[in-house]
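*Asks:* Pasting in a structure now, in structure tokens, and then I'll have a few things to ask.
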Amino acid sequence: MAAFFIASPTRISVNLTAMNLQDWGWSPFFADQFDAWQRHGYLPARVIRGEKNYFRVWTEKGELTVRFAGKMRHRAGGRGDLPVVGDWVAVEPQPDERGQIHALLERKSSFARNLPGRRKGKGGGRVEQQVIAANVDLVLIVCGLDRDYNLRRIERYLTLVGGSGAEAVVLLNKADLCDDPEKCLAEVREIAGDSPVHSCMAKQPEQLNFLFDYLQPGRTLALLGSSGVGKSTILNGLLGEERQKIGEVSDAVGKGRHTTTHRELFLLPEGGILMDNPGMRELHLWGEEEDLAESFTDIEELATGCKFSDCAHKTEPGCTVRAAVDDGRLSASRLKNYHKLKDELANLQRRR
Ligand SMILES: Nc1nc2c(ncn2[C@@H]2O[C@H](COP(=O)(O)OP(=O)(O)OP(=O)(O)O)[C@@H](O)[C@H]2O)c(=O)[nH]1
Ligand SMILES: [Zn+2]
């Protein structure tokens, strides 16, 4: 209870006594809704992780494992009515660090995705939506200034964030890999409306100091962006001295990170709340399914020479993509990113 953890066994100590509701994002918007529940002696609680049948929540009295009060599960019609990470709920505390959820407070913002092929009602009707994260205040849209750079994708992200109720900041990372970052900055600013646009080099954490201007106690931050653009590097930069530990988590756990992450919302040492959950990590893939090829035109082009038309560019004979890596025309890390994204997409499809 004296520590919270991002992934076992890595633990980050925070001073719990110094934490209050506001640090966790509580604001008049939620307090106004809570009046009715306060009278019952319920606690405001923020969902830090959601499982199928239970939730981990943070309250002023510490972390609790909570379930639905029966009545409420019954009332919750669509999926949108069930709590997700980031939500504020009214919890009736029970012994042994447990509790019951009696109400879900209205969201300030939410990220949802359509569940393909699932339609409600007879003969289809509206497509069922799955809310995956709530009450994010600010999204850092991260884009690489290497081959990842793609104005159309940035546009899609901006639309997505715009519709969620959160604010967006665009980060053009890997400025060191771009001949003319100023040109890209100007192009993106043209499509970004009121959203600030920065270029940066996350590999040098001291270059990320400007991001602290966007962090405030109680403000919830999430990152969106393709695989390999530097999201983890940026997170680690923001986490300061905890950088190493988080790095170990992402390196050691790799794909398994999703199942071993114990908490998907945590406090940043400088103030602010960081959301890093599988739903948000996968969100980009839903937009990118169509443009995997578009993002990797070089690989798709090389692949036209492969012996097998369904070559996965892994162990197949006659693979021109791996040949290009061998003779230095294609970087191994780029092929690795391509594989990673393909695998994630395949995983997603399986789960659907
Ligand atoms: N050249 C350069 N490389 C960078 C920069 N920032 C990050 N990288 C590198 O890019 C690679 C991918 O970075 P990550 O932080 O793992 O990317 P990610 O977005 O978290 O990727 P996923 O975990 O797949 O979503 C790493 O090898 C980083 O060292 C940068 O500013 N310049
Ligand atoms: Zn191949």
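Backbone N, Cα and C atoms are what each Cβ position is placed from, and that goes for glycine too.
Annotated GTP binding site per TrEMBL: Asn173, Lys174, Ala175, Asp176, Gly225, Ser226, Ser227, Gly228, Val229, Gly230, Lys231, Ser232, Thr233, in sequence order. Among the features that TrEMBL reports, Zn(2+) binding site is placed at Cys306, Cys311, His313, Cys319. TrEMBL lists 125-283 with the feature domain 'CP-type G'. The feature domain 'EngC GTPase' is assigned by TrEMBL to 134-281.
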*Asks:* Just checking: which of the binding-site residues Asn173, Ala175, Gly225, Ser227, Lys231, Thr233 have a C-beta under 6 Å from ligand 2?
*Replies:* none
*Asks:* Given the binding-site residues Ser227, Val229, Lys231, His313, Cys319, return the subset with CB under 6 A from an atom of ligand 1, ordered by sequence, or none if empty.
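*Replies:* Among the binding-site residues listed, those whose Cβ sits under 6 Å from ligand 1 are Ser227, Val229, Lys231.
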*Asks:* Looking only at Ala175, Cys311, which of these binding-site residues has the biggest number of Cβ atoms within 10 Å around its Cβ?
*Replies:* Ala175
*Asks:* By a simple count, how many Cβ atoms lie within 10 Å of the Cβ of Lys231 (GTP binding site), its own Cβ left out?
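*Replies:* Counting Cβ neighbours of Lys231 (GTP binding site) within 10 Å gives 24.
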*Asks:* Gly225 (GTP binding site) has how many other Cβ neighbours within 10 Å of its own Cβ?
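*Replies:* Step by step: centre on the Cβ of Gly225 (GTP binding site), count other Cβ atoms within 10 Å, giving 25.
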*Asks:* Can you name every residue in this chain, apart from Cys306, Cys311, His313, Cys319, with its Cβ inside 8 Å of the center of the Cβ atoms of the recorded Zn(2+) site?
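*Replies:* Other same-chain residues with Cβ inside the cutoff are Ala303, Lys307, Phe308, Ala312, Lys314, Glu316, Gly318, Thr320, Val321, Arg322.
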*Asks:* Let me make sure I understand the structure: which of the binding-site residues listed (Asn173, Thr233) has the fewest other Cβ atoms within 10 A of its Cβ?
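*Replies:* Across Asn173, Thr233, these binding-site residues, the one with fewest Cβ atoms within 10 Å is Thr233.
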